[in-house]
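Swiss-Prot lists SER98 with the feature active site, nucleophile, giving sequence analysis as the kind of evidence. Residues annotated as active site in Swiss-Prot: HIS123.
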Amino acid sequence: MNTIPYVIEKTAAGERSYDIFSRLLKDRIIMIGSEFNDDLANRVTAQLLFLSAEDNEKDISIYINSPGGSTSAGYAILDTMDYVKPDVRTICVGMAASMGAILLAGGAKGKRYALKNSEIMIHQPLGGVKGQATDMEISAKRIIKLREKIERFFHERTGQPIEKLKADMERDYFMDADEAKAYGVIDAVL
């Protein structure tokens, strides 16, 4: 059972209780602490749009602790990060793997961070398909196209050569925070 902590805020008007995530949102902090799926994407996208509408000059921070997940859900968040006017800072706490690493690298240049004991992992997209040969061929082409898209993204965000990215992403490629900084996924270790 997941228990969500509540905090109590005292004001001149009295006390008000918030679940911790709502309280963090008041400080323009969004938490991603699970696998990427459509529910997470809808929640985070709505939070980004809300914070941008509330103040389109003030940075938004996204803290990431995720094993990865759905690329379509992750790209919905990434596209919204690029769409909103405020800079979006990304901070890895724990792990940013797969789609989590893409989102981490997708933060505003100069504002991508990881805590010192964080772990970052990149790899080629995963997929499984059943069905007729034609369906499997369509799915394989889609995954290859997605892999090339991810390689281009990391090339643009890290400066790593495409050939190095192809080789590194052939299997799970793990980095600690300092290695992720040297690789160009993040800008600083906190």
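Placement of Cβ uses the backbone N, Cα and C atoms for every residue, glycine included.
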Cβ neighbours of the residue listed as 'active site' where a neighbour is any other Cβ within 10 Å:
18
Taking the Cβ of SER98 (active site, nucleophile) as the centre, count every other Cβ atom within 10 Å, in any protein chain shown.
26
Measuring Cα to Cα, how many Å separate HIS123 (active site) from the residue listed as 'active site, nucleophile'?
6
